[in-house]
Amino acid sequence: MDIAAILGAIVNEMRGIADRGMLPGYIPPLTQVDPQRFGMAVTMADGRMHVAGDADEAFSIQSISKVYALMLALETCGDPIWQRVRQEPSGTAFNSIVQLESEHGIPRNPFINAGALVIADILLTRFGAEGARARFLQFIRDRDDALPPIAFDEDMARVEYESGFRNAALANYMRTFGNIENPVDAVLKQYFLQCSVTMSCRQLAGTGRGLMRGRTAEPASRHVPTVLALMMMCGHYDGSGAFAVRVGLPGKSGVGGGILAIVPGIASIAVWSPGLNAQGNSLLGTLALEKLVRATGWSVFTPHCP
Ligand SMILES: NC(=O)CC[C@H](N)C(=O)O
């Protein structure tokens, strides 16, 4: 299968599409990004990397960071984290507050904002403020040591901190149920820093290698199947069902327009197109993944031999 040719064709097709979705107006720096940008990268289990379009341009990974935060929390704090965040799809927007009241401050899953705030709180309790920042960044860097340095975008984190009233409300509300242990301020700072990490598609696909669990990959974490199951069910918020139907891969989106998708045992895929659909997921990113999966037969719901 000629993955490079498939990616090249998809990039060409995407260039010609006029409706590129909406930029997220509530995070001002993200409205400055050129919606014409489009990149894709695929890392295969044998280590080969294929890239196309703007695959080396760094973008804000935003909620894709929730995957790494969850993995770090699972690997360092283990299954007790599931007492504070559940494993169920929410069916609500990424920043929704409605379920928290009737569900006593326990978020549905770690990929909606409320759940990710709890995970940030867990990391803060475990490592302290300085330690949690450092461990988080190191954890991503350790996913692929061939990568150029990955960093926080401190300006992005500050802007979100100054205007993130909804996230502040979520954290304060959960604190009233005792499900946030640290000062809300510190939790928000940790969460926004995590969201602010910038990476290119090439880097993002590289950091997904551990989730792909290719035959040549390093020993996989026992938590990988859990993380992939949650990505499939919850990785696109109230668009997760449609994403599973259209693409058929565990994936995680961010409002920066990136999506990380995993073909277990076969490939780690990153796509970036800044315009979003109504659920806040990359409009063309989703379409491109649909096309890639159709061309390769990589949906986990399609029988295939690696
Ligand atoms: N879906 C997302 O990427 C949301 C992340 C963003 N930092 C927020 O908290 O709103």
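In case you wondered, yes, glycine gets a Cβ from its N, Cα and C as well.
Quick caveat, the model's predicted, so the values are computed rather than measured.
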Need one residue: from Glu160, Glu181, the one TrEMBL lists with Ser63, Asn113, Asn167, Tyr191, Tyr237, Val255 for substrate. Glu160
Farthest-apart CA atoms of Ser63, Asn113, Glu160, Asn167, Tyr191, Tyr237, Val255, residues recorded for substrate, distance in Å: 20
Find, among the binding-site residues listed as Ser63, Asn113, Asn167, the one whose Cβ has the highest number of other Cβ atoms within 10 Å in the structure shown. Ser63
Scan Tyr191, Tyr237, Val255 for binding-site residues whose C-beta lands under 6 Å from an atom of ligand 1 and note them, or write none. Val255
Most Cβ neighbours within 10 Å: which of the binding-site residues Glu160, Tyr191, Tyr237, Val255 is it? Tyr191
On the three-state reduction of DSSP, what should I expect for Tyr191 (substrate binding site)? helix
